[in-house]
Every structure is written in structure tokens, then in C-alpha cells.
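Undergrad: Got a structure for you, questions after.
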Amino acid sequence: MRNRIILLFIVLLGLGLRLFRLDSRPLGFTWDEAALGYNAYSLLKTGRDEYSKVLPVVLKSFGDYKPGAYAYLAVPPIATFGLNEFATRLPSAIFGTLLIVIVYLLTRNMFAAGLLAINPWSLYFSRGAWEANVALTLTVLGVLLFIRRRYLVSALFFGLTFLTYQGAKMFTPLLILSLLLIYRPNIKSLIKPLIFLIFLIFPILLGLTTQSGRLKVFSVFSYSRSPSVVGEIERQDNNNPFLFTLFHAEIIDQGRGVLQRYLNHFSPYYLFFAGDWQNLRHSIPYYGYFHLPEIVTVVLGLIFLISNFQSPISKVLLTWLLLAPLPSALSRDLVSGVRSLPLLVPLVVLSGIGLSQLFRHRLLLYSYALILLFFFVYYLDLFYIHAPNFTAVDFLYPYRPALQTIKLLVSNYKKIVITSQLGQPYIFTLFYLQIDPRIYQSQARLRENPQGDVGEVEKFDIFEFRPIFWPADRGLSSTLFVGGQYELPESDLQTTPNLERVSDITYPGGAPALKIVGLK
């Protein structure tokens, strides 16, 4: 009974930390979040996605072909709370909270559950519409059910990860294979679940791989060295093909890069000091994915786990630890907080095990708890007070106030031109103006990117999404413009007749973001 009360407190704490100011922290909204939210809204209203596909498994979206499960999970919150940031992010917050319970059931370690409740990595990705966060919870649930010999249900949840997140296509099969090798259960008891899993994931994988351009953009194997670099290496080796093949072949160069990126994810700088230093959408500045004191408990937990390696659960956790960075290591980025998110679980369990070792020494435990509390409060201060000033640009903050202003003026203009410099303005227009999906579905036209990256929608209804060139655009009439400082220069605006100054949008720190002006 005592353990249940403690677990309930931990879960409520975790839920509160994931829900408090969910709509505005992180400040802003990414285009992927807006796409998932609007497609959920479209499914709710019409049973079709934005491109009028009936109940799709994969969402075309910007041409990146997202697995569609998250959009379906967002339908009930949007039906309840309306189309807004809170409702769109709510499924991730709920699944992030469920992960606390599942990790406890998997490890029976209350310290691991408690540390997960306040973990910066889990908190961050539970507070955005991140498919990877939902997929992680489904993965851990699949592992728990597998260990408890509920193979058919386990196969179902493993299969659902493919419907949820692209990175699961690599990590989930490797994890399943590891479980089979570690536990070696009765083969007969696995025949039905394996057949079920194959039938479940084959059409999903087929759908997810038919449009793989976006994956190619991020794959390290899509970026070979330039001919000039290769030529210079050959020249330095006196054009000796044997030396070039032995030391400088493409596979050696790429292998070295993959190994570097793999090891980056175990670096203390990445885990405890900076998080994803390449992408401010993936972490807050000046803080790692784990609280700094957890360096001690992670190391203690690792020592304990290695010393008890004969235990099947120890083998699972160590194998998981080694497999988790692979999807990220095979991408072009030096580190990726979202692709390496599976690394969270074994590391937080190691930290929980290490904290359990300190439990025998009460003075050490209390000292550690006080230090950890200090860092946790410091993290909350960074996240809620200071981070918005750093991340508002990456989270495309200006769209919300700009489109809230436009919403009041739509009927006053025959045309509205919104700059494309921030990226994907059409999906924010659909989201914040809550455009009727039936209206948009009949006009949806995506200009696909020939390089395989995301495409663009250039217009629908009275809206155009393009760069603004004021020397030409100033001659238009009955047009509202939303543009950047260089597209709408102050000196030119002052000399433009029939100009109406509507609003200047700034970032939280006061830096200029967008201008809204109208031509009568």
C-alpha cells in the first residue's frame, strides 16, 4: 500500500510537470505540431486528412509522409478542448506520464520512476507533439508485456510503434531480436505473435517506405564526399588505388562518421551539460538531458548492472543502451535528441539503480537529494523563465500573434500575403484560423521538393505564401502583408501611399519579428 501511495504521488507530480502551461512552454509551435494538430482536426471533421485521403495510415503533410498515429491520438483532445496547442500536445504529455508507471512495472525501482518524473529529457519531449515520445512509451510497454510472456499483446504494441514514429523502423526490430536472443522463449508460443506482427507491420512498412525522400535527406549515406575532396586525397596518395581503398574508401569515411556520432550520444557534454546543441527545438540552452548530479548515480547503476550481467533484465537494459543511439548515428546530425530518445529509458533506470545504492547510506542519500533538488529548481527556472528568449525563433513564435491579428481582419481584404521566410506558413494559417477542412481539401496543392525534402503550399483561397518584394508588391490593392523586417523596410513603408500600419510582432526579448501592413 505504501508503494502505491508513493507511486501515485510520483505520477501526479510527473503529470503536473507535463501539463503546467503546456500551451505556452515551449513558447511557440513547430510546423510538425501544427500539421499533426490540423490533420487531427481534419480527421475529426471529415474523416480525411488535409489532402482528402480517407483515414490514412501515413500523412502526406509537407511531403515528409509522417506515420499517422499521433494525429489520431490528438482527435479526442481536439474534440474536447478545440484546435489549439494544449489539445495537440496533450497526447504526448499523457504518454510521457504513462511511461513513469510502465518503467516502474518493468524495473520495480521507485527511484527510477521518481527520476523519470522530473527528468529533463522526458519533460521536454512530453511537452510537445513529439511522435517519438509516444513511440517510446509503446516500446517500453511492448518490452514489459514480452517479459511477462504476453507475446501477442506485446507484438501489437511493438507494431504500433511503426505507425507512430519513423525511427521505430530501425530500433524496434533490433530490440525485438535482442529480446528473442536473451529470453529464448518457447518457439511454439511465439509462432502466432510473430505471424501477427509480420502481417501488422508489413503493410505499414510498405506505406512508410514508398515515399522515402525525406529519410534520404537525413540519411548519412546520402552525402558522399565531393569529387574535389576525393581527388585531393588521391593526389596525396600518388594516385595509388590500393592505399586509397585501404585507408580512404567511402565506407571507411562514413563508418568513422557513424562511430563519432554514435559515441557523441554517450558524451557527458550531451547528456549532462548541453543536450542537443545543434537544434534548439530539441532541448533548452545550458542544460543537459539529465540533472548534473545523475552522473554519479548513472555510473553507480552501470557498475551494478555489469556486475549482475547474468540477469535477463540486465542484459535487456545494457543491449537497449547500446542500440538506442543507432538511428541517430546513421543520420547526418552530430547528435539528435529526438532520434536518440530511446536512450532515456536505460539511462534513467541506471540512475535509479545507482540511487538505490545510496539508499544504504542515509547521509549520502539526503545530501544527494538536496543537490538534485537544487538542480531541478534551476532547470525549472531555465525552462519557464529564460528558455523562451532563446527558443522562440526555433519554435516559430511569431506565427501565433500574427495570425491572431489576421483572424480579425480577414474580411477586410481580398488578398493576404504571408512571408515564407519562417517556413510552412500555410499550416499555421490552417491551424490558427481553424480553416474548414472541407474548404482546404478541395484546394490543397503541395509543390513537392525535387531533392526529397519538405515541399511547400503556395496558396489557397485568398492566402498567398511567398517572399515579399515590396517594390513590386506595393502596387497591389486591398492586400494585407505579413513580412519580415527586410521584406517590409521601414524607409519604403513611410513613402507608400494608402498604407495601413496594423501591427509589429516582436520576440519575447523585444527583437523585431514580423510586420503586418495593409494596402487599401
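Using N, Cα and C of the backbone, Cβ positions are placed for all residues, glycine too.
Note that the coordinates shown come from a computational prediction; the quantities given were computed from them, not determined experimentally.
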Undergrad: Quick check on the annotations: TrEMBL lists transmembrane segment for one of 4-21, 130-147. Which range is it?
TA: 130-147
Undergrad: Is the transmembrane segment (94-118) packed against any residues at least 6 beyond its ends, judged by a Cβ distance under 8 Å, and which are they?
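TA: Same-chain residues near the transmembrane segment (94-118) but 6 or more away: 3, 6-7, 10-11, 13-15, 17-18, 125-127, 133-134, 136-138, 140-141, 143-144, 147, 291, 294, 297, 313, 345, 348-349, 351-353, 355-356, 359, 376.
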Undergrad: Need a quick answer: max count of Cβ pairs under 8 Å to the transmembrane segment (341-359), which of 69-87, 154-183, 286-306, 365-385 is it?
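TA: Comparing 69-87, 154-183, 286-306, 365-385 against the transmembrane segment (341-359), the winner is 286-306.
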Undergrad: Between the transmembrane segment (130-147) and the stretches 154-183, 286-306, 365-385, work out which stretch tops the count of Cβ pairs under 8 Å.
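TA: The stretch with the most contacts is 154-183.
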